[in-house]
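S.K.: Annotations per Swiss-Prot:
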- 12: active site (ACT_SITE)
- 136: active site (ACT_SITE)
């Protein structure tokens, strides 16, 4: 029997002008617009039948500040499905405090790329199942990469970026995903800066490149505009889970109708 695919709503959280946590959505990691309250959205998705929930503090790493753990704790109080929290996690103590605040898993991007040993430290202390390595990938059409795919008739590779997509690293996503898995990551969270917020569909070449080369479970993220896009990333790239934000936040589709649509298309989901 095929493994059940997971449907995961995600909130991108930042501090507003009053220093309060708020949810935002944007396009290509830019042009952010206020979307809602993180605690209210957590409660909504918990009751709606989501399989998991992701909370990303989208400026903690770039601003060099700590993750907003008070908000994480408030979200965890309303969330009785697995909760993954990312943003600003740089040390083993950061992992511990985030889990203590109520997270079931932590998502690490910048901190792991800057110090890869953090992956093994976290996996050894808390278990691989708690360690999700996030990659914010950007397409590069040059000869600096290692793993190339064809996109619209051109050869490209995918570069890992850090600090919310603000800085390139020169590191190939597929190479890094393999290293992260070898170091103890229990899951990979693959974001596409090029697809983010477009609602044109997931970056299939990116997701497939990671899934084909790394045995660790992969969460596909960025670009979802419909349940059909989720079906594509499950069938064409073999992702284990699909993450979406805007289509759920703005109630273009509910979790329930998304799952029913996938079920009708033969995708195994938890109804």
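A Cβ is built for glycine as well, from the same backbone N, Cα and C atoms used for every other residue.
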S.K.: Expressed to the nearest Å, what is the distance separating residue 12 (active site) and residue 136 (active site) at their Cα atoms?
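M.R.: Computed Cα spacing between residue 12 (active site) and residue 136 (active site) is 14 Å.
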S.K.: Does DSSP put residue 12 (active site) in a helix, in a strand, or in coil?
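M.R.: Looking at the DSSP assignment, residue 12 (active site) belongs to a strand.
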